[in-house]
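Q: Pasting in a structure now, in structure tokens, and then I'll have a few things to ask.
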């Protein structure tokens, strides 16, 4: 009997999803991306070799896996071809194993130009986007004016649609943002030069997934970003432009929600966030700096330093509600080695004195919120690369168990290093 498993970030992204997807891909036939775009950087380290995948599913490094990009993903043709080229130069036959929905919206140069222009205009109030055109591409999708991969099949119609939409964008870029317009002919020529390669990978993703399920195949859905960045349920407006929660699987791939068997929430042993927005447990002291240093907390795509803080069980409880999380995978446990004490935020004190155990929704509702911590003894022993749970320090085990208690969800997988072998699977999601 095949199982369908979702892997998603339960915090603000950068939790280490790529490694865990890669680890569990050994068990599956299909790996599916269902939301986001090339703003998601999944870093994999296999046999000491580092690979960063931004758009193509992490399963591409496994020769027997077919990778699918669902309709919920916005696709930059330029980024796709660049990533394909990087993988093909290593002997990976991407075109034989990558299939893409024709309903995927395209990210084109005018989306990137608009993204940069808006962030510059906002100044210090900027959202902190990756500047890759993700948001504007999703806007076009909702406004029903966007170009999609399926439009590449009719080159004449594509050229006409592109001309109309570029007039719309260039008017804003020139007259409102006072920046250079995007060149129509260059944009058209660049896309047409690679159109046949992209259309050659188009497939009916929904039917492929339905057939795989009926045939008893294991399927893995690979989420990008994190729950607290969800466009609807995250810390709005400091969010991404897609549904990063488990509901995005159904809408972003066409896979029926009743067919999902297990949702694995990836959590760091602490918390990080990139860009603006509320972050209740953020540390501004030497402890925060030490976590950032030990955890090498810099964005895989942007290179920006990540904000660091203690584990926030309040935000995680919201993630559990939103995703019906079956179990956690805790990553970067080894980063907390050596601290005299470790803390877990178990509640928030609101500005009016109310104590709450679930995170607010809108960013404005986080203003003035204070974390209420439980402090536990730390551990001096080294947990890096430990692969036997019985060899973990007792205080480390106590920390893990306390997180399970305050969240009500078991930690089924533990990660103690960047390589996929540096992992303890306590309960296999495909056997749960």
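Backbone N, Cα and C define each Cβ position, glycine as well.
Quick paste from Swiss-Prot:
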- 14: active site, proton acceptor (ACT_SITE)
- 42: active site, proton donor (ACT_SITE)
- 13-19, 41-43, 306, 332-334, 415-417: GTP binding site (BINDING)
- 14, 41: Mg(2+) binding site (BINDING)
- 14, 15, 16, 17, 39, 40, 41, 42, 130, 144, 225, 240, 304: IMP binding site (BINDING)
- 300, 301, 302, 303, 304, 305, 306: substrate binding site (BINDING)
Q: Rounded to an integer, what is the Cα-Cα distance in Å between residue 333 (GTP binding site) and residue 304 (IMP binding site)?
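A: Residue 333 (GTP binding site) and residue 304 (IMP binding site) have their Cα atoms 22 Å apart.
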Q: Residue 13 (GTP binding site): which of the binding-site residues 225, 304, 305 have a C-alpha within 10 angstroms of it?
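A: So the list is 225.
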Q: Any idea which of the binding-site residues 19, 306 has the thinnest Cβ neighbourhood at 10 Å?
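A: Checked 19, 306; of these binding-site residues, fewest Cβ neighbours within 10 Å: 306.
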Q: Taking 10 A as the limit, how many CB atoms besides its own sit near the CB of residue 333 (GTP binding site)?
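A: Excluding its own Cβ, residue 333 (GTP binding site) sees 23 Cβ atoms within 10 Å.
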Q: List the residues of the same chain that sit at least 6 positions away from residue 416 (GTP binding site) in sequence and have their Cβ under 8 Å from its Cβ, in sequence order, or write 'none'.
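A: Non-local contacts for residue 416 (GTP binding site): 333, 334, 383, 384, 385, 386, 387, 422, 423, 424.
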Q: Using Cβ atoms only, which residues of the same chain lie under 8 Å from residue 16 (GTP binding site) while being at least 6 residues apart in sequence?
A: 266, 268, 329, 331, 332, 415
Q: Around residue 41 (Mg(2+) binding site), which of the listed binding-site residues (130, 225, 305, 306) come within 10 Å, judging by Cα atoms?
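A: Within 10 Å of residue 41 (Mg(2+) binding site): 225.
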Q: In whole Å, how far does the CA atom of residue 14 (active site, proton acceptor) lie from that of residue 130 (IMP binding site)?
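A: Their Cα atoms are separated by 14 Å.
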Q: Cα of residue 19 (GTP binding site) to Cα of residue 304 (IMP binding site): how many Å, rounded?
A: 20
Q: Tell me whether residue 19 (GTP binding site) sits in a helix, a strand or coil according to DSSP.
A: helix
Q: Could you work out which of the binding-site residues (13, 41, 303, 305) has its C-beta surrounded by the smallest number of other C-beta atoms within 10 A?
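A: Lowest Cβ count within 10 Å among the binding-site residues (13, 41, 303, 305) is 303.
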